[in-house]
Amino acid sequence: MVGARGKPFCSAGIPVLLMGRVTNFGKSQHDIASKSTAMSTGNGECTGMQQRVSGLLAQSASLKATRRRGEPTGNNIAQLEFQISFAAGKISENQSLSGDQTISSEKGAFVLGFFEPGNSSSSYIAIWYNTVSEPSVVWVANRDKPVSDKYSSQLRVSDGNLALFNESNILIWSTYLNPTNSSSLEAVLLDDGNLVLRDGPSSSDPPLWQSFDHPTHTWLPGCKLGLNKITGKSTRLTSWKSKEDPAPGPYSFARDPNGTTQLFILWNTKPMWTSGTWNGQIFSLLREMMLNNVINFSYVDNKNESYFVYSLYNSSIISRIVMDFGGRIQFTSWSKSAKQWNLSWEQPRDPCESYAYCGAFGTCNMKSQHPCHCLSGFHPKSEQEWSSEVYNDGCARKTILQCGNSSLVNGKSDQFLASPSMVLPANSQLWALAMKNAQECESTCLNNCSCTAYAYNANHCSFWYGDLLNLRQLEDGDPYGETLYVRLAASEFSSSKNKERVIAVVVSSVITLILLGLVLSIILRRTRMRKTEKVSGSASEIKNTIAAGGGQDNTQLVLFSFKTILAATSNFSEAKKLGEGGFGPFISGYMSPEYANSGKFSEKSDVFSYGVFLLEMVSGRRNTSFHRSGLSFTLLSWAWELWKEGKEAELIDPSMKDTCGPEEAVKRIQVGLLCVQEDPIDRPTMSSVVLMLSSDTQTLPPPKEPAFHTRRTLEGSSPGPNACSNNEMTISFPEGR
């Protein structure tokens, strides 16, 4: 073991004293102490270490003698043993760890020792974070065989293995390697959280055993998840049985056993969720990877092994991937300021993300009244099951394919139907990198009767064989959507069927127009009748209605007093005016520009509203009552002008300085400006907003000009109370002579 400045530690005395317990392996404590103090004194550091260890031995012997006499010793022995344990950092041949003793990695990132989950009295050998205040275990050795007394149990290197023995000296857990006569074996905890068993510190050979080959519920950076082609063994994550029981649970996270580049969540052996296929950059169903600035996935496939591994762009941030006991895979990062784990993403989030929820050839869309639908050319296998909202039987073809069917020789080949805005299927596919165009891609699939579908994108062609699973229908224009070309029988494209479809569309359109005309005529007629009734009403009735600020029970239109309207619009203040249309001006607030101008509403409208709220929260001002003479007449414009000038700190409410740092406040201003950009396409999604606000490392894009941004002059900036005219109406009632 080498010190911080490259000088050797006192290796002659430390191994025997590794865990603070002076274990008697055929030698007395006096012999061991003599050996420690008889070392060369040429190295001043070693001499000091020897003296310290000898002193600790003397204290240990004295304290243990006191304990044998029945006198109280307090926690001195435990503290003494911890000091010796911390000085060592590894377990060597014929040494043991027990009780509260621990070993830590060289830089102190991880610790190995006994732990008791929750209020349990059972103890386990585990590895946990040393620099995280919240107890966070990453690996458990004897997860299905706990020990009842950690002080009498021992973890030691013996007979070529790292093994755990209980209080009755019965083997509980082991690395289960072939016995060896080597006396230089040692178990060392590395700074990446990997526990390795190696043949001496100077060995250049791979470790004899490592915990990274046997992960439990946590996937750490650098750990491989995949298949060893030589041994046939696979590495996977397995959930805990419950929050306080580290025994293996029913959920696991592993690479597809069929060899595709997918990761699965399995319930026992049944697939429950898939990441989608790996395309060299992201998993198709793991959208969060589009914001690829925290975690860097890699896929390796060679003659010896195939596996996924990941690293962190910023290694100073503590992050992990956990298979939760509830069946969710979670990526979390430790926040030093908040002293808690922040959730960056988790899967699955909704039924559509569960594996094969709609079965073969079924598409899923949670925004639809019924989430599952069959692709064109397919129908439900079981109408009864689908009517009961059980969809996993999937869909079947209406017409069998022409290709490979000698009984259907009609001179027509199969064709492909384009299905736009789809999440590509999750089952087997083959990537062909040399396709020049989409026609070549289609021809290749058409000539293979097993080819079910294909997709073409940027000179890359993907082919699918067999059933299509995990299809998702997205909204038109969704950036995650791709066009999938599904193979159908030629008869599905026949001219007769096309004519029937055209006729059906025309007839339904005519009927719809007729019904629409009837409905409109009825509405117009009733509107005219209401206007006639209102004009014919007496002047006293109108006066009473206006004075009451509303209508009577039999009045269908609610009326408000002019005083009420003045108060609501601040005397029709320009500060609340967004624009003007055919029905007059409209005022601002949380309304998105696309809704205000054309009545269009989408999820990006909610993002706009949240951005306004975020800016209001940071500035301490309301957008609907904001007014600065000579500058901007909305909060959005003021925030934008300060941002352009690099003076965004002037926007921060002084009262926030005690609860929110300047950097965090500026980040909220930037996120708020991103949310209120003019074009809805430029605004982030709400999931992206959550990630931006929770991440300490994500680089945010610069915002563009916000909606409703304009400037105003000093003269028209502050309308006074008399800046409006009184509206009056005269009604004449003719009387008979």
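Yeah, the Cβs are placed from backbone N, Cα and C, and that goes for glycine too.
Under the heading compositional bias 'Polar residues', TrEMBL lists 715-730. As annotated by TrEMBL, domain 'Bulb-type lectin' applies to 88-210. The domain 'Apple' annotation in TrEMBL covers 403-489. The region 'Disordered' annotation in TrEMBL covers 696-737. The transmembrane segment annotation in TrEMBL covers 502-524.
Under DSSP, the residues of the domain 'Bulb-type lectin' (88-210) split into helix, strand and coil as follows: 1 helix, 53 strand, 69 coil. DSSP labels the residues of the domain 'Apple' (403-489) in these numbers: 9 helix, 36 strand, 42 coil. The average per-residue pLDDT of the prediction over the domain 'Apple' (403-489) is 84, rounded to a whole number.
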